[in-house]
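A.B. asks: The structure is given below, and queries will be raised subsequently.
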Amino acid sequence: MPARTTLPLPWLDRAGRLSALKLLCFLLVLAPGLYLAQGYARDALGAKPVTALIHATGEWAVRLLLATLAVSPLRRIADWPRLINLRRMLGLSALAYALAHLVLYVVDQNYDLAKVASEIALRIYLTVGFVALAGLVALGWTSTDGAIRRMGPAWHRLHRLSYPIAALGLLHYFLQSKIDVTDPVFWTGLFVLLMGWRLMHRLSAPTRPWSLLLLALGSALLTALLEAAWYGLKSGVPAGLVLGANLDFSGPIRPAWWVLGVGLLLPLVNALRGRPEARRTGPRPAPGLVPARAMPQKP
Ligand code: HEM
């Protein structure tokens, strides 16, 4: 009798049982897509619905990519190992939104594939987006258990590319912005926070509330500097003016403060849920899209 194959339903755990955590995650990643689809169907997305969809799907691709990268830090900071089971779903959702983003761009160009290709080749922000998308496709393609087993240690090297891919996605976000870069600065600030945690971890710094507090402060400062540098280089606005805007609370709160707010949740969560970390016991989880159990061990 042929072996029975089960569909890899996203809400089931590896033993085939319903996982409430995975089901919740699945519904959450699906929700923006459904919301946008109903907005389109009800003609509620403004005068240029396809453009609105291009923007929204691009934003969700970035958010979900960062959420994927946040899984490893959060599982340690909150001492919540089961979080790793969400990483592949989050990564594949980022890929799905990014692919929808490209398809919508093709629709926007009246399905003229030659024009799409030439625009991607000629406009630097589209070239950057294309490289990021190609990288995401490579990670998604190799995220099956079979690919992980076949690739062995090369899988680790490939999936470490998730960080530069996220950086390219963020650069694409900056480059396509006209004047106001508040949103890309905020998401890049969160990326800085994640990279900072990775650096701390690599240097074997302990995951403790005080170290996470320093990480939050440093990331917020770097976010403010990044914002000042971008406006300075792009529009010649003096850095002092942009930095000063961070202390002016009569207008919109600058992204560095939002990054600080998110960053401060980390020491709080760690104080409430974390436990004194045993320094690197067991194999280190690889970056990328896949649950730890499916991964090959390093030789
Ligand atoms: C072939 C690949 C891609 C193409 C052709 C493309 C195309 C575009 C276009 C046309 C825009 C709108 C620009 C404007 O209105 O002036 C845009 C914005 C954006 N894209 Fe992409 N993109 C690609 C890949 C990606 C990837 C891989 C990501 C994320 C990982 C991404 C994230 C974004 C974001 C966040 C925005 C800005 C949304 C906003 O301002 O609200 N894009 N992209």
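Glycine is no exception: its Cβ is also placed from the backbone N, Cα and C atoms.
What TrEMBL shows for this protein is this:
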type     : residues : note
TRANSMEM : 21-40    : transmembrane segment
DOMAIN   : 57-169   : domain 'Ferric oxidoreductase'
TRANSMEM : 90-108   : transmembrane segment
TRANSMEM : 120-141  : transmembrane segment
TRANSMEM : 161-179  : transmembrane segment
TRANSMEM : 185-200  : transmembrane segment
TRANSMEM : 212-233  : transmembrane segment
TRANSMEM : 253-272  : transmembrane segment
REGION   : 276-299  : region 'Disordered'
A.B. asks: Can you tell me which recorded stretch out of 21-40, 90-108, 120-141, 185-200, 253-272 has the most Cβ pairs within less than 8 Å of the transmembrane segment (212-233)?
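C.D. replies: Stretch with the highest Cβ contact count: 253-272.
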A.B. asks: Please give the sequence-distant neighbours of the transmembrane segment (185-200): residues at least 6 beyond its ends with Cβ less than 8 Å from one of its Cβ atoms.
C.D. replies: 62-63, 66, 69-70, 73, 77, 163, 166-167, 170, 173-174, 207, 211-212, 215-216, 218-220, 222-223, 226-227, 230, 255-256, 258-259, 262-263, 266
